[in-house]
Amino acid sequence: MHEQYQPRDIEVAAQQKWEKTAAFKAVEDASRPKYYCLSMFPYPSGKLHMGHVRNYTIGDVLSRYMALKGYNVLQPMGWDAFGMPAENAALKNQVAPAAWTYSNIEYMKTQLKSLGFAIDWEREVTTCKPDYYRWEQWLFTRLFEKGVIYRKNGVVNWDPVDQTVLANEQVIDGRGWRSGALVEKREIPMYYFGITQYADELLADLDTLDWPPQVATMQRNWIGKSFGADVRFAYDEASIGSAGELTVYTTRPDTLMGATYVAVAAEHPLATQAAANDPALQAFIAKCKAGSVAEADMATMEKEGMPTGLFVVHPLTGAKLPVWVANYVLMSYGSGAVMAVPAHDERDFAFANKYALPIQQVIALKEGDATFDASTWQDWYATKDDSTRLVNSGKYDGLDFQGAFDAIVADLAAKAAGEKKTQYRLRDWGISRQRYWGCPIPIIHCDSCGDVPVPADQLPVVLPENVVPDGSGNPLAKMPEFYETTCPCCGKPARRETDTMDTFVESSWYFARYASPDCATGMVDDRARYWLNVDQYIGGIEHAILHLLYARFFNKLMRDEGLLANDEPFQRLLTQGMVVCETFYRDLDNGSKEWITPADVVIERDGKGKIIAATHKADGLPVVVGGIEKMSKSKNNGVDPQALIEQYGADTARLFMMFAAPPSQSLEWSDAGVEGAYRFLKRLYKIVSEYVAGGVAERFVAGELTADEKALRLKLHTTIQKVSDDFGVRQQFNTAIAAVMELLNLFDRTEASRAVRQEVLESVVVLLSPIVPHICETLWSALKPGSELLAQRWPEVDPAALVQDEIELVVQVNGKLRGSVRVAADAGRDVIEAAALAHEQVRKFMDGQPAKKVIVVPGRLVNIVV
């Protein structure tokens, strides 16, 4: 054993050993309980960032812990390799996305290996490889034939200069992010997954999962099951010119008597009709169509509208209600129309006040003296519970929410003007992307036969990999060698679909492919029934809705195809917090900011650790402290994991990541914290090194012990208890590390036999090995020559060690801590009082005064009141 801790040598040796012995190869074994631990796989962007390191270290700690507990562990890794960043990089660097992607994968794989993760690399999957995506193409054809996937027109953002479709986030102030051209809304044919067919099951099964409550709530809200009614407003034939009806869905039919107008989307047929001879309305509709349809933007944008001059008829009162075109109504939601009750909906209230539309109160509170003011919104206006009653509603006056709901819906049904309806906020998933770097959609368009799925024996439809996009549309649509084909049904010339799939499709089933990644006959084989579902899934909360919902949906699709036996993909979910760091910048003359990496800044702090001055290393001049934010390229506040590993070693990086904060909370980067982690590992190495220099021993099993030895063993076994609970139940690794540090502090100051010291050190090495596996490999080899750390079992708590002959009690004087005393575990009150009153520090703070009262809390403390 080397005298000094040398992380580089230790880590290389351990990693080579693990690779040579295939230490983490997962093999199905029906005789052992399995544990499938999965961290969300990375996009191969080029380099790992600290968020990756934190995510994968958490998964590795849990995987190694469960292996020590005797479980058959699977921890795989792969690459979410399709997507826009590769196309953007290809444009910038004039290189094929495939070459850029594969190069990044090789580098990032080296980085992951240097961190010592217990990954079974034989199960690696790469989603841009045909042997992966051929099976999602196969599933696509099956679902298309069953009607779960269908084709219909959808609205997209079209860049007329680049001749391409843009994602919502690529539209900036109504213009294309690259060309700067005004973006148009276009209707084009797209493919959709019928996820709404599974809405009820997706909602109900959330109750079976061990997920953070906030994630389950986010999914429930996204699915958005609501109970309401369809209400049909007959066309006013005098203004519209024909018979017909406008159907709207509302969750508040109880407020129908307060409806004063209806609003339709810019694409609605009534809007189109009204605009035919109205240039101002045409311009407004064009403006609406050019605007963002992203929900976040819709929620914050100013609500605008224009009257159409058309009217519909209120189904209960016969009143004529004006039809408005409004920018907050989307054609893709429901019927593209809403009824407006300004008095009891905050958005409608603001709109009605802006355009001087009628506001009719129909709800009042049963108790209190709250009055309705049509100029000022109050939260109680939107109340729907037993505390309200209807007013100004004719025969419905006095009814509460549920009574009014039922009565009004019954009357609508009697008039054939409406009925109860359960609706979902969730919409079917449009997966067509007019992009190159994605999985080709396996459909052939034939003039005679229509849309024909590619037969299974012609799959995969391989994406050409030697293409360098030029930014002007989808390259596949310009490649006759790709799209020219023959119809599988009639043999006539036909055209292959050139759209590719949303990259969320690949990440929706990768968890299942890991179970049998080499299966050449299907998406999965019988090995999936052994490994699935995933016992522990780890990733950022930013994926709480889309990725996690789509993966749950895919699991059910695969189950219904007979491929999987389980209903849900991920039994337990851990959402780790962000890695954050200080930001620094200087204001430039052009109004922008120059962000300066923290490594180039000299910081001065006050006694409480607050930054009071910051200067640039290069010129010594001040820089502005921008605050703590998520590590990012845009703020230049990232720390390169590779530099950290090279300076301190992977174990230091892992230890800091696990010690600095609980997994679910944000982790604030701290150079001092990294130094502290490194110092602890040096100290651990030194303790074991000095002990081993005196010769190793057999660990303590049974025998006579001194009081100090008993105290040390008590601390050891309570630490084992705590670390086991922190790892296996609470998943709070920072407190587990703190407990081991406390144990080592006691170890350092306790005289004990070599057998007891051996027991403590062996246990410490095993307890820490999931977090810092490299150093623990070396320390174990020194403590137990000839045995393998990975073959060990997690330490068991010795009940005998928890039985105390003596206990330590805290002693307070007037409620303030002044010392502690050790007494026999069965000591009586008199003995405890005498010991406390005889304590030197206690006598000092009593200052000769007699004790008015002595309070003894058994097993915990003594409080002397003077």
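For all residues, glycine too, the Cβ spot is worked out from N, Cα and C.
Quick look at what Swiss-Prot annotates:
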BINDING   Lys633  ATP binding site
MOTIF     42-52  motif ''HIGH' region'
MOTIF     630-634  motif ''KMSKS' region'
If you count Cβ atoms within 10 Å of the Cβ of the residue listed as 'ATP binding site', leaving out that atom itself, what do you get?
10
Secondary structure content of the motif ''HIGH' region' (42-52), with strand meaning DSSP E or B
3 helix, 0 strand, 8 coil
Residues of the same chain, at least six outside the motif ''KMSKS' region' (630-634), with any C-beta under 8 angstroms of its C-beta?
49-51, 578-581, 595, 669
Lys633 (ATP binding site): secondary structure state under DSSP, collapsed to three categories
coil
The motif ''KMSKS' region' (630-634): mean pLDDT?
87
